[in-house]
Amino acid sequence: MAIRQLFQKNAPTPRRGGSVRSSFVETGDTVDIETEKGPFDDESKVPFLTVRTFFMAVLVSFGGLCFGYDTGQISGFLEMKDFLRNFADQRNPLGFSNVRSGLIVGMVMGALISGPVANIPAVGRKYSIVSWTIVFCVGVAVQIGSSPGHWYEIMIGRIIAGLAIGGLSVMVPAYQGESSPRHVRGAIVCCYQLFITIGILIANLINFGTKSIDNTASWRIPMGIGFLFAIVLGVGILFFPETPRHDYRNGKIDPAAASIAKFHGVSERHRVVKDQLVEMQEKLQMEIEGGEHPIWEIFTGPRMLYRVILGCIVQALQQLTGANYFFYYGTTVFASVGLSNSYVIQIILGAVNVGTTFPGLYFVEKFGRRKCLMIGAAWMFMCFMIFASLGQFALRNGDGTNNQTIG
């Protein structure tokens, strides 16, 4: 109760029928907690990483595992005889292409609606993640239950699963960033990207194991395994608290302090708890004092247009590099040049993707984002030029045996 007594004057406690924002503005009370020691008299050393925080980072990153797994499995399906026999309608190639792109369509919609949903006080980040895992399981169930010849059922299932993945792609980093201690926050948020690459590799391995099955089990088994990752995430996160930031914004000061203490491995009277609450208070105060702004100010504000364009271009060009091309079509591409088992090459590609993520995380912290982005872009340009040049000038059409030695 001591924590609540110290912060209650400035806590954003909404009244019935009012919002956190309006109630905070109406009260306007502040307290100089920076100069008050209060009950925060614990100065013991803060652990670098607690077991609770480690398991939180791993568990919540299962959202990235769902993303990577669903991304990686479609490449193998495109070379499975039973899948092609049931869903690749040669008279309607556009329909079959929609099967592949359905996931992306759903992800766009899921990413757009996940933020507003998670800001609902009764939902928050925690139960938003739980909800998205349920949606993901529904999407997987629709795909598994698809009738032979009904490619649109697979497409609908992938759109539903994409909704969940889009939502998780927003909520997982948000939960990790709002819950983890500052000194390990960057590494923990990066776990999401690492688990995406691991998910792709797992999908490649499972596809390799089921490709020889000459019935629907060849693709239904890989699809069904996706349930496992979503269930682990959805059930596991129930044992973790809501993020401190979401609790604080909704007037739940004591739960916010308790969450901070648990993830830092300290008592609720530790000074780091006070520092985190002060930071939340200051940021929320700045947000309230800034007032409401129309959406178009992201283009008209000082240097905002430059920032928006820069951010959009970097993200768009990252997608347009074509890296995902190999994750979606790698098995087909490698088979087209005469490789006897393109699934093995896809596994190698997935393993390299996982392996290079570790030094990538280190280099980004060591040399900065901009330099690594420029060097990475130049390296990718060189590799794609080699790949395209070999495809244009060195491959011998109609003679797959000779093509295997190229490159």
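Positions of Cβ are set from backbone N, Cα and C atoms, glycine also.
Record features (TrEMBL):
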type     : residues : note
DOMAIN   : 56-407   : domain 'Major facilitator superfamily (MFS) profile'
TRANSMEM : 54-78    : transmembrane segment
TRANSMEM : 98-120   : transmembrane segment
TRANSMEM : 127-145  : transmembrane segment
TRANSMEM : 151-175  : transmembrane segment
TRANSMEM : 187-209  : transmembrane segment
TRANSMEM : 221-240  : transmembrane segment
TRANSMEM : 308-331  : transmembrane segment
TRANSMEM : 343-364  : transmembrane segment
TRANSMEM : 376-395  : transmembrane segment
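When each of the listed stretches 151-175, 221-240, 308-331, 376-395 is scored by C-beta pairs under 8 angstroms to the transmembrane segment (127-145), 151-175 comes out highest. Using the rule of three or more Cβ pairs under 8 Å, pairs at least 6 apart in sequence, the transmembrane segment (343-364) is in contact with the transmembrane segment (308-331).
Residues 70-71, 74, 78, 87, 128, 131-132, 139, 151-152, 154-171, 174, 246, 328 of the same chain, all 6+ positions outside the transmembrane segment (98-120), place their C-beta atoms under 8 angstroms from a C-beta of that stretch.
Restricting the average to the domain 'Major facilitator superfamily (MFS) profile' (56-407) gives a pLDDT of 87. Sequence-distant contacts of the transmembrane segment (221-240) (same chain, at least 6 residues past either end, Cβ-Cβ under 8 Å): 56, 59-60, 62-63, 65-66, 69-70, 73, 76-77, 126, 129-130, 133-134, 136-137, 140, 143-144, 161, 164, 175, 179, 199, 203, 206-207, 210, 213.
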